[in-house]
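Let me begin by presenting the structure, written as structure tokens, before commenting on it.
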Amino acid sequence: MARPMLLLXLSLGLLASLLPALAACPQNCHCHSDLQHVICDKVGLQKIPKVSEKTKLLNLQRNNFPVLATNSFRAMPNLVSLHLQHCQIREVAAGAFRGLKQLIYLYLSHNDIRVLRAGAFDDLTELTYLYLDHNKVTELPRGLLSPLVNLFILQLNNNKIRELRSGAFQGAKDLRWLYLSENSLSSLQPGALDDVENLAKFYLDRNQLSSYPSAALSKLRVVEELKLSHNPLKSIPDNAFQSFGRYLETLWLDNTNLEKFSDGAFLGVTTLKHVHLENNRLHQLPSNFPFDSLETLTLTNNPWKCTCQLRGLRRWLEAKTSRPDATCASPAKFRGQHIRDTDAFRGCKFPTKRSKKAGRH
């Protein structure tokens, strides 16, 4: 009798030891790598499931969590990557991610988030990648990003942000890539970017900016790519890019109804390689346009005036093996002729070519 009882006790003990592990993988979910990866993609969840403390990746895409309450993830201290795309989230409470001090990736794309209040990202001191694109966010309150001292990439494209105010990025001093495409921005207040002077990539395309935000952008120091396409800009002022001119390599100004550059627009710009100017209303380029460093330039669908003022462009085109399809709109007798081939520049005095240093970085 003693032996069967001993076997029963051992069996019950073994079963009891297995129960926590079995219970750690939520129903209908898939768990991998010894419960470190938990996949609950589109399984009908309406509340955040309980998972093992050792979980590092939690994928909760395509479920239904209208509100992320305070401490929703408190029992997941080792989480590194959290996926909450397409979860119909409307509200993120203050302290919703409290306890996630190891989190590096946070995906909140394609939800219905309208308001983000200060405190929403408390404790996320290691967060490096934050995806908030395709929501309905209207503003960034001061202090919202303060805990995010290691943030590198912030995607806020496809929201409804109307204005960037001073202090909007307070605390996010290491931010390098900022995407604000397809919002409703009509202005950037002076001081709006004071806390993110190390931005390298800045996308502002498809907004409502009617004037170049000189005061705000003048605080940036190392921008390598600036995208302003599809904004109703008419002119670019003097010194527009000077504060980061030694770093700027790619500039997008296509589809803006742009009519002119001020003579000093490109002062201080020395490394520009790629410029997009197609589908505008440009007649001329400024005399200090940085052709020397330029590798690619898109020009089509502009009413170019083929006079001697455009001779720098003609010389640059002559040196290219590709043939950008840009044509003269005036004078009338040269209309429709390719800038590279037209006789419109016959008689113009071309400056002596400066030798370039061999090699590229």
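In case you wondered, yes, glycine gets a Cβ from its N, Cα and C as well.
From a predicted model like this one, the values you see are computed outputs, not experimental measurements.
Residues or ranges marked as signal peptide by Swiss-Prot on the basis of experimental evidence: 1-24.
Counting Cβ atoms from all protein chains shown, Cys25 (disulfide bond) has 19 others lying within 10 Å of its own Cβ. Positions annotated as disulfide bond by Swiss-Prot: Cys25-Cys40 (among others).
Positions annotated as domain 'LRRNT' by Swiss-Prot: 25-54. Listed as Cβ neighbours of the domain 'LRRNT' (25-54) (distance under 8 Å, sequence separation of 6 or more from its ends, same chain) are residues 60-65, 68, 72-73, 75-78.
For 78-99, the entry in Swiss-Prot reads repeat 'LRR 1'. When Cβ-Cβ distances below 8 Å are used as the criterion, the repeat 'LRR 1' (78-99) is approached by residues 53-72, 105-124, 131 of the same chain, each at least six residues removed from its ends.
The feature repeat 'LRR 2' is assigned by Swiss-Prot to 102-123. Over the repeat 'LRR 2' (102-123) the predicted model carries a mean pLDDT of 96.
Break the repeat 'LRR 3' (126-147) down by DSSP state and the numbers are 0 helix, 3 strand, 19 coil. Per Swiss-Prot, repeat 'LRR 3' is recorded for 126-147.
Neighbour density for Ser146 (O-linked glycosylation site): within 10 A of its CB lie 17 other CB atoms from the protein chains shown. Sequence annotations record features per position, and here Swiss-Prot assigns O-linked glycosylation site to Ser146.
Summarising the annotation, Swiss-Prot assigns repeat 'LRR 4' to 150-171.
As annotated by Swiss-Prot, repeat 'LRR 5' applies to 174-195. For the repeat 'LRR 5' (174-195), the DSSP counts in helix, strand and coil order read 2 helix, 5 strand, 15 coil.
Marked as repeat 'LRR 6' by Swiss-Prot: 198-219. Per DSSP, the repeat 'LRR 6' (198-219) is made up of 4 helix, 3 strand, 15 coil.
The annotation repeat 'LRR 7' is assigned in Swiss-Prot to 222-243.
Across the repeat 'LRR 8' (247-268), the DSSP tally of helix, strand and coil residues reads 0 helix, 5 strand, 17 coil. The repeat 'LRR 8' annotation in Swiss-Prot covers 247-268.
Residues annotated as repeat 'LRR 9' in Swiss-Prot: 271-292. For the repeat 'LRR 9' (271-292), the residues of the chain that approach it from at least six positions outside its boundaries are 229, 245-265, 298-305, 307, 309-310, 312-313, 315-316, 329-330, 354, 356, judged by C-beta separation under 8 angstroms.
Swiss-Prot lists 302-350 with the feature domain 'LRRCT'.
What Swiss-Prot lists as disulfide bond is Cys306-Cys348 (among others). Secondary structure at Cys306 (disulfide bond), as computed by DSSP, is coil. Under a cutoff of 8 A between CB atoms, and with a sequence separation of 6+ in the same chain, the neighbours of Cys306 (disulfide bond) are Cys328, Ser330, Pro331, Phe334, Gln337, Ile339, Thr342, Ala344, Phe345.
For Cys308-Cys328 (among others), the entry in Swiss-Prot reads disulfide bond.
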Residue counts (helix, strand, coil, in that order) that DSSP gives for the domain 'LRRNT' (25-54): 0 helix, 6 strand, 24 coil
Intrachain C-beta neighbours of Cys40 (disulfide bond), sequence separation six or more, cut-off 8 angstroms: Pro26, Asn28, Cys29, His30, Pro49, Leu58, Asn59, Leu60, Asn63
Residues near Cys308 (disulfide bond) in space but at least six apart in sequence (CB under 8 A): Phe345, Gly347, Cys348, Lys349
Cys328 (disulfide bond): secondary structure state under DSSP, collapsed to three categories: strand
Neighbour tally for Cys328 (disulfide bond), based on other Cβ positions within 10 Å of its Cβ: 23
Ser146 (O-linked glycosylation site) and Cys25 (disulfide bond), Cα-Cα, nearest whole angstrom: 34
Secondary structure composition of the repeat 'LRR 7' (222-243) [DSSP: H/G/I, E/B, coil]: 2 helix, 5 strand, 15 coil
